[in-house]
Amino acid sequence: MRLLKFVCLLASVAAAKPTPGASHKVIEHLDFVPEGWQMVGAADPAAIIDFWLAIERENPEKLYDTIYDVSTPGRAQYGKHLKREELDDLLRPRVETSESIISWLTNGGVNPQHIRDEGDWVKFSTNVKTAEKLMNTRFNVFKDNLNSVSKIRTLEYSVPVAISAHVQMIQPTTLFGRQKPQNSLILNPLTKDLESMSVEEFAASQCRSLVTTACLRELYGLGDRVTQARDDNRIGVSGFLEEYAQYRDLELFLSRFEPSAKGFNFSEGLIAGGKNTQGGPGSSTEANLDMQYVVGLSHKAKVTYYSTAGRGPLVPDLSQPSQASNNNEPYLEQLRYLVKLPKNQLPSVLTTSYGETEQSLPASYTKATCDLFAQLGTMGVSVIFSSGDTGPGSSCQTNDGKNATRFNPIYPASCPFVTSIGGTVGTGPERAVSFSSGGFSDRFPCPQYQDNAVKGYLKILGNQWSGLFDPNGRAFPDIAAQGSNYAVYDKGRMTGVSGTSASAPAMAAIIAQLNDFRLAKGSPVLGFLNPWIYSKGFSGFTDIVDGGSRGCTGYDIYSGLKAKKVPYASWNATKGWDPVTGFGTPNFQALTKVLP
């Protein structure tokens, strides 16, 4: 039986990957059908797929030099964020490069009306038959063995040698999967005694029993401060996976916890067919959580809910063995939409509470999307991500066929151009919450801005967990905020929600408050935060030295499948930066004194 299964596997791989000719070069390749998936047959030749092609930049350092120049206090260009046209000029490939790619597509049968040249990216739509000829591959239908969802994908694709040096990636091709909201626990409706507490009682509780905007204002030194209504201080909230923010629930939340904000609302940015449907049985908890705390803590700021259709891709591992049926790429769709907005329409803060294991995405995809976060940073956007809810890891094994024991960093939290937010719990003192993800990237090297801080932690750590992580990788999270038992109105009822998905929007609102403080003094918004945080801003955060994360328990917390067990696996909160709470939680008054 095992031999038969192995022969069938070889047959499926062979069917999925034709032999590339001498005139083609392989761009991406999977050695085997990802675990949990089965090839069930050839794709319909007439099926239409929307592709994104990322053009390899001739001088990638130009983007990195620019983001550090405009984001590092003390440099001559600090705060001089680029306009969209300036960013386009920075990234625009040579004319002959673009022409060669467009020519390849049109000569290969793609309708010119279905090609959109966006400078360093090209979007094109075509049918499976044409795509197979273009990329010298065969697209097949792959079925998820857990939920019978099917996807059109391939295990390998190629492009002509003549243009191969210009092609960083084409997707969706080899990507299997989805994102997850980073909310580790959704509680039942709250007890009557909590529901009946007054706003003043919640503030006095200092977030011990339930987190509300009142206690966060008290805990983090915001007081009654509100932002001013300005066009140059906008907040964007990311929405994926058909999560829809409900206006009625926001109204209930503000009436209950922020009565002075009653009547304030948010606008919608609908991307690639995204919706924000009101009412109905669909999921809204994550979207409501994000919107209620962003609006509640900065209610005069202009807030936009960016709802993007589709579900993100991955190469499945034990943490994420399944996905929904949709060929769109939401991160790419959202990011390409945002970087093309005029600078006066961009959010100055973008908060996202979604992520996946870093290893579940091909390296070309993580690099391309991380560079898009950097592009937003050059235009003055502070990109905020939750760090994740699996501690050092959940499955704690590699998905390369070796199943080696390994901690699992979370992406996009591990991208060096985002600010990653860990979680805390309790007060007097705050402690690291056990589910707060953190660690070290296996994809991105440690950026110079955090080199000294991370070296200090590694010296304390010594040889513990040696071999389970890359000590030279980008370390995360950067900072933290409360992450346990947030009061949220969902479908008309108050519910408690935990996860770093709560920490991220709370921090985003505080960053918007800092931007408001700077703008009132004639200074620009903060933009990409990390160079400032690691050089000076860290002194405005309360260091968390108690508690720690946990993970690698032997069972994956999402799928329930048996996984690698690492006894006592944890990152501990320590003095200074640590990979569970970063530099700690915000003290608004202290932060205003160390702003650039």
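Residue numbers in this text run from 1 along the chain shown.
Using N, Cα and C of the backbone, Cβ positions are placed for all residues, glycine too.
According to Swiss-Prot, the protein has these features:
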SIGNAL    1-16  signal peptide
DOMAIN    210-596  domain 'Peptidase S53'
CARBOHYD  Asn265  N-linked glycosylation site
ACT_SITE  Glu286  active site, charge relay system
ACT_SITE  Asp290  active site, charge relay system
CARBOHYD  Asn403  N-linked glycosylation site
ACT_SITE  Ser501  active site, charge relay system
BINDING   Asp543, Ile544, Gly576, Asp578  Ca(2+) binding site
CARBOHYD  Asn572  N-linked glycosylation site
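Known features from Swiss-Prot, placed on the structure.
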residue : record                           : Cβ neighbours (10 Å)
Asn265  : N-linked glycosylation site      : 13
Glu286  : active site, charge relay system : 29
Asp290  : active site, charge relay system : 29
Asn403  : N-linked glycosylation site      : 15
Ser501  : active site, charge relay system : 31
Asp543  : Ca(2+) binding site              : 19
Ile544  : Ca(2+) binding site              : 26
Asn572  : N-linked glycosylation site      : 18
Gly576  : Ca(2+) binding site              : 16
Asp578  : Ca(2+) binding site              : 30
Just checking: which of Asn265, Asp290, Asn572 have a Cα that is within 10 Å of the Cα of Asp578 (Ca(2+) binding site), counting only these recorded positions? Asn572
Closest of Asn265, Ser501, Asp543, Ile544, Gly576 to Asp290 (active site, charge relay system), Cα positions, recorded positions only: Ser501
When the Cα-Cα distance from Asn403 (N-linked glycosylation site) is computed for each of the recorded positions Ser501, Asp543, Gly576, which gives the smallest value? Ser501
Just the number: how many Å between the Cα atoms of Asn572 (N-linked glycosylation site) and Ile544 (Ca(2+) binding site)? 10
Taking Cα atoms as reference points, rank the recorded positions Glu286, Asp543, Ile544, Gly576 by distance from Asn265 (N-linked glycosylation site) and give the first. Glu286
Using a 10 Å cut-off between Cα atoms, which of these recorded positions sit near Ser501 (active site, charge relay system): Glu286, Asp543, Ile544, Gly576? Glu286
So what's the mean pLDDT when you look at the domain 'Peptidase S53' (210-596)? 92
